[in-house]
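**Student:** In case it helps, Swiss-Prot gives these features for our protein:
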- 29, 55, 345: substrate binding site (BINDING)
- 222, 248, 276: Mg(2+) binding site (BINDING)
- 298: site 'Increases basicity of active site His' (SITE)
- 325: active site, proton acceptor (ACT_SITE)
- 345: site 'Transition state stabilizer' (SITE)
């Protein structure tokens, strides 16, 4: 079989600070008013009163969605979305394009390595540049799958289970339980600047949900980098009587010694997890060495599917789980092939968590949602990632090459 070459790469954005607000899509923080994801949630900025109530107040949604499309010389296209917005468009169109165009559609690892090395001097340890690179990598996998007529999970070696089971992240674990999810992860609302009173309030929330959900439904806390070791340790022990399954991302990404100490001091049986905002393979190797229980890379932020597969191997070698941060189809096709991913995350993007809404709505067409907390592998059997780009969205292409 003679495979085509890549003829064009294009980058659009939607939403963010230079477009319409509340566009949703790949930047799932870019939601409208009265949404749980922008309510009073603890963040590293919560210590400043003017930025405590709303995450959008400090600019969590300024980037917007990046859309990368790659076109082969036979006319077939692949695409992906992530969070990088207009700045990501510049990086793709003015820098990364030279490593993509003219390559065979199967040259994914070569392109990935060239992009990584070419951006080392300004990429740092992740962030915007890595989000952009990840989006390109995912678009390449989508194109390759569509060219050969196979879903991405089969390109990775095939499924190791018949279905993916999910826990739900959102403000209402009790509603997630009614929908058939195996657990519910809530955001914390208070942090070290609130002292013991903050701990008592978050513990009261956990206790209330435990009473509503019964003794066996999983409950977890997402702390979103907002704590220090002492506060996180006190919170974990205060929640232990309510059978908290894990405490997540208590510390900023680079505080590896802090994660090691938190794991050492955590209550017996309670897992410590992190990784959503780590952005390189090397950072995940170091994170793994802290002994945490679950690593949680975001496939749209960590280097793409190519890097996610490598992260899963690091975790597997140490007997750790890898449960990616919710990334819809981009993580579905990966985790169904990982033996150390027994469940996955579904992010509730409906404002009140009362209905199931596709995570990247409205940018993806055909994006599946769990049924009774599960997605069967047959749902993933379309070529590539199995979704199409909604070109009715307000897509802007600010740069061309």
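Positions of Cβ are set from backbone N, Cα and C atoms, glycine also.
Each of the listed features needs to be described in terms of its position in the shown structure.
**Tutor:** Under 8 Å, Cβ to Cβ, and six or more positions away along its own chain, residue 55 (substrate binding site) finds 29, 37, 38, 41, 43, 45, 61.
DSSP assigns residue 222 (Mg(2+) binding site) to a strand in the three-state reduction.
Within the same chain, residues at least six positions away from residue 298 (site 'Increases basicity of active site His') with a Cβ under 8 Å of its Cβ are 276, 277, 324, 325, 327.
A 10 Å cutoff on Cβ-Cβ distances gives residue 345 (substrate binding site) a total of 23 other Cβ atoms nearby, all chains included. In the three-state DSSP scheme, residue 345 (substrate binding site) falls into the strand class.
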**Student:** With the Mg(2+) site defined by 222, 248, 276, which remaining residues of that chain have Cβ atoms positioned within 8 Å of the Cβ centroid?
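**Tutor:** Once 222, 248, 276 are set aside, the remaining close residues are 185, 223, 224, 249, 273, 274, 296, 325.
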**Student:** What are the non-local neighbours of residue 222 (Mg(2+) binding site), defined as same-chain residues 6+ apart in sequence with CB under 8 A from its CB?
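**Tutor:** Counting only residues 6 or more apart in sequence, the Cβ neighbours of residue 222 (Mg(2+) binding site) under 8 Å are 169, 185, 186, 187, 188, 248, 249.
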**Student:** Looking at the recorded positions 29, 325, which sits with the largest number of other Cβ atoms within 10 Å of its Cβ?
**Tutor:** 325
**Student:** Taking every protein chain in this structure into account, which of the binding-site residues 248, 276 has the most other Cβ atoms within 10 Å of its Cβ?
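**Tutor:** Max Cβ neighbours within 10 Å, all protein chains included: 248.
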